[in-house]
Amino acid sequence: MSKATAIHWFRKGLRLHDNPALIAAIKAEVELRPIFIFDPWYEENVRCGANRWRFLHQSLSDLDKNLRQLGTRLFVFRGKPEEVLPMLFNEWKVQRLTFEIDIEPYSRQRDDQVTRIAHQLDVEVIQKVSHTLYNTELVLKANMDAVPLTYVKAVSLMKSLGEPPQAVPAPTKLPPECRAAAALLEDHKYDIPTLEELGVDQSQLGPCLFPGGETEGLARLEKCLERKDWICSFEKPKTIPNSLAPSTTVLSPYIRFGCVSSRFVYHKINMVLKGRKHSQPPVSLIGQMYWREFYYIAASGTPNFDKMVGNKVCCKVPWDENPEWVERWAQGKTGYPFIDACMRQLRQEGWIHHLARHAVACFLTRGDLYQSWEEGQKVFEELLLDADWALNAGNWMWMSASAFYHTFYRVYSPVAFGKKTDKTGEYIRKYVPEVSKLPSNYLYEPWEASLSVQKAAKCVVGEDYPHRLVKHEDVYKVNIGRLSAAYKANKILQKEHEADDDCPHPPAKKRKGKGK
């Protein structure tokens with residue numbers, strides 16, 4: 001006769017530390033069966049590139065390894081949760097189901113449906129907040145259920161609720177009654193499918209610079225915490241977007257998948273800052289945690305947050321529609337080497353610096369190509385390891401000046417911006433080899449080189465490297481006027497944003513004879 005069980009359903013929180021829902025399942029004092037379900041809805045509705053699939057697969061493998069050290073394992077299924085879970089409730093004699101709260105629209109709908117089914121079958125359901133610093137519903141309630149539209153307001157609301165809860169320690173061992181039977185530990189029908197079985201095109205995989213998993217994420221955090229002076233002086237706008245090695249923590253993929261708890265990171269950083277002189281939000285590392293929370297709060301209270309139509313916080317802009325331009329931007333073939341280098345790094349490695357994201361997003365939307373931010377959002381959703389529904393939509397609205405940020409006339413130059421931190425263009429030489437032999441003074445503007453120079457460098461514009469899609473020095477001025485008209489139509493005031501420290505830079509001044 002099978003034992004009664006408690007299921008902990010892993011979704012995003014792919015970790016043992018700071019997992020209160022997992023602890024609640026252990027407290028049921030029956031056999032613990034942690035599960036993960038590959039939900040076909042995500043495969044059909046969410047763009048996920050090969051690099052992100054690999055990161056998820058590595059994270060699940062690491063989670064399974066860590067669970068086995070406790071005396072259980074990860075039980076993996078494929079199918080609709082509302083069908084898989086009722087089957088398990090009956091087959092496994094489930095008494096309790098636990099999982100982490102998720103604010104995404106589909107997740108909410110799915111979890112409500114699963115909860116109703118569980119209650120009908122007399123299964124207790126426990127949900128815990130642990131993916132965010134705060135319970136977003138409580139933050140909204142503190143604002144009379146209104147969505148805070150500024151970072152400063154959101155931080156004020158968070159602080160009114162006190163410090164975020166401390167992280168819950170990881171279980172170090174399971175009570176005997178919670179451990180899985182030996183036969184289950186060896187049953188291969190519950191194994192994690194291979195990437196091939198998941199249908200991942202492995203030819204699209206880039207170098208694995210950031211392996212997935214709690215073990216790797218915590219090790220990366222520890223290395224970061226050793227750099228105490230760096231943490232105290234950290235100001236994100238002053239980090240380098242085009243350095244050959246990341247100039248920031250690259251903890252975002254681990255936090256996005258819940259391999260590392262945001263609350264754990266928050267309190268660890270604060271321990272380093274305590275008693276030391278340090279930078280302040282919004283540019284500090286703690287400030288970055290607040291940015292993440294700001295977008296989660298806004299997304300939690302805004303229907304259609306990832307769309308322009310039906311989104312109450314988003315300016316309605318009549319963007320152009322040019323699929324060819326969007327595709328050339330996505331493939332890193334715009335004719336602007338800095339923009340192309342950023343997009344190629346993203347496609348190859350699954351990560352680019354946040355200021356590089358700002359530059360390419362501004363270029364696609366209000367700065368140069370005047371394409372909808374929703375198109376950029378789709379590409380980032382596919383390619384970014386840290387693609388996060390709330391942050392992806394929020395940042396794209398910000399960078400297109402559709403919401404949260406209204407100083408739309410401050411535009412990144414696709415030429416001047418990258419030069420500030422990489423005058424010799426080593427970053428471009430790495431990711432855009434077609435232009436790598438050009439002299440440094442032409443590397444950002446290959447069209448300025450004479451034909452003889454282009455031929456000597458084996459980089460003839462229009463043959464070896466594409467002509468630029470648009471002339472930035474002309475189109476950005478036109479686009480400013482178009483966006484100004486959209487603001488007037490939407491009755492949005494043009495004003496400086498309170499958090500300008502992390503906003504785009506003004507366009508570079510025009511140089512005589514160069515048109516920049």
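Any Cβ shown, glycine's included, is placed from N, Cα and C.
Caution: TrEMBL annotation is automatic and unverified by curators.
Database features, via TrEMBL:
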- 4-133: domain 'Photolyase/cryptochrome alpha/beta' (DOMAIN)
- 248-252, 288-295, 386-388: FAD binding site (BINDING)
- Trp319: site 'Electron transfer via tryptophanyl radical' (SITE)
- Trp373: site 'Electron transfer via tryptophanyl radical' (SITE)
- Trp396: site 'Electron transfer via tryptophanyl radical' (SITE)
- 496-516: region 'Disordered' (REGION)
- 507-516: compositional bias 'Basic residues' (COMPBIAS)
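DSSP places the residues of the domain 'Photolyase/cryptochrome alpha/beta' (4-133) in helix, strand and coil in these numbers: 59 helix, 30 strand, 41 coil. Ranking the recorded sites Trp319, Trp373, Trp396 by Cα distance from Trp291 (FAD binding site) puts Trp396 first. Cα distances from Thr248 (FAD binding site) to the recorded sites Trp319, Trp373, Trp396 are smallest for Trp396. Within 10 Å of Trp319 (site 'Electron transfer via tryptophanyl radical'), counting CA to CA, the recorded positions Tyr295, Trp373, Trp396 contribute Trp373. Residues belonging to the domain 'Photolyase/cryptochrome alpha/beta' (4-133) score a mean pLDDT of 97 in the model. Cβ contacts within 10 Å of Trp319 (site 'Electron transfer via tryptophanyl radical'), excluding its own Cβ and spanning all protein chains shown: 22. Distance noted between the C-alpha atoms of Tyr295 (FAD binding site) and Trp396 (site 'Electron transfer via tryptophanyl radical') is 11 Å.
There are 22 other CB atoms within 10 A of the CB of Ala387 (FAD binding site), with all protein chains counted. Taking the binding-site residues Val250, Met289 in turn, the residue surrounded by the fewest other Cβ atoms inside 10 Å of its Cβ turns out to be Val250. Long-range neighbours of Trp396 (site 'Electron transfer via tryptophanyl radical') (same chain, six or more residues apart, CB within less than 8 Å of its CB): Ala361, Thr365, Trp373, Glu374, Gly376, Gln377, Phe380, Ser402. Using a 10 Å Cβ-Cβ cutoff, Trp373 (site 'Electron transfer via tryptophanyl radical') registers 26 neighbours. Under 8 Å, Cβ to Cβ, and six or more positions away along its own chain, Glu293 (FAD binding site) finds Thr132, Leu133, Tyr134, Val139, Ala154, Met158, Ser262. Sequence-distant neighbours of Ser252 (FAD binding site): residues of the same chain at least 6 apart with a C-beta under 8 Å from its C-beta are Trp351, Leu385, Asp386.
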